[in-house]
C-alpha cells in the first residue's frame, strides 16, 4: 500500500466536480416511446454506448464500467489520456435516464465542450429536440490555473452557456474571495412535448410549476429531490482509507473498492437487497462508486411510500490527498421525513 507521504508528494489534483444536468422532459412519461416499451430502453437510454463514448472523448473521459437498472444506466468514468492507453484517476460518473442526463466529473475534464454533442445526440438518436431544464454547478477550484481556458473562470462558462440557452441565470453562493459554490440554470421550457424547437427558445417564469405527469406505472414522477454534499479538508485518519497503492494481480480495482465500501459502511447506507453498487479504487489513491436503488413500491422496508416509487441513484467520489482532499456524496432517493 502506498504511504500518505508518497501520495501527497504527487502532482495536485482537482477533486471538486463539474456537474452538468440536462432534463429533456419533466418526466420519463413524456419522452417519445414511453408508452410503447416495457423494458425502459427509450429516450436517452436507447442510445448506443458507443455514441456516449464518442461524446465522452470530447470531455476527456472514458468508461470504466456500467450498471444498467430498470430506469437508469450508471457509468463509472475515468480521465482519459490519449497518448497512451491508460486511465488516470478521475472520480467521475454519468447517469442516463430516458429524459435526463447527469455528467459529474473532476480533474481537468471538459464537460461544457461536450454539451453541444449531447444536444445533438438527444435530437438525432432519442427524438428529444428541446431542453426542458438545464443545470450547471461546481465548487470553486483549488487549482483554477490547471483548467482549460473555458473552465478556468466562471465568467467564461457563463458566456458559453448564454450562447446556447436564453434566460439562463448564474449565481454565486459563499465567499467570492474564499470557498464558494457556482450555479447556472434555466427556467422550465414551455415546450417539452417533442416539437422541434431550439434549446435557446425563450423560457417562461420558473415560479409556475410544471404539471405533474403520470409515469409508466401511473405514478407522478415530476418532482425530483436531490441532496449533494461537498467536503474538503478531510481528516487524514479517514482519508487514508482511500489510499490503495499500486495495482496487483491479486485483486482488481473493483474488488478493492467493494471491499472498502463494505468495511467502512458504504454498503450499509441503504438495504443491500435494494442496491446495486459499482465501485472503483484508483491507484495509488482515489475512490468512485455509483449505486442504483429501489425505493417506494419497489422496496420492502417499512416507512417507504407504497404508492410511489421507482429507481434512484447515489454516487460518492473521494480524493484523499492531504492539501487538496475532497469528497462528495449525491443522492436523489426520497426518504421519509421521520
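Cβ coordinates come from backbone N, Cα and C, glycine included.
Here the structure is a predicted model, which means the values were calculated and not measured.
TrEMBL tags one of the stretches 194-218, 219-243, 244-268, 269-293 as region 'Disordered', and that stretch is 194-218. When Cβ atoms from all protein chains are considered, those within 10 Å of residue 317 (active site, proton acceptor) total 25, not counting its own. Neighbour density for residue 92 (active site, schiff-base intermediate with substrate): within 10 A of its CB lie 29 other CB atoms from the protein chains shown. In this entry, substrate is bound by 13, 91, 282, 321, whose most widely separated C-alpha atoms sit 13 angstrom apart. Residue 13 (substrate binding site) has 106 nearby among the active-site residues 92, 106, 288, 317, counting only those with a Cα within 10 angstroms of its own Cα. Spatial neighbours are here defined as Cα atoms within 10 angstroms of one another, and by that definition residue 282 (substrate binding site) has no neighbours among the active-site residues 92, 106, 317.
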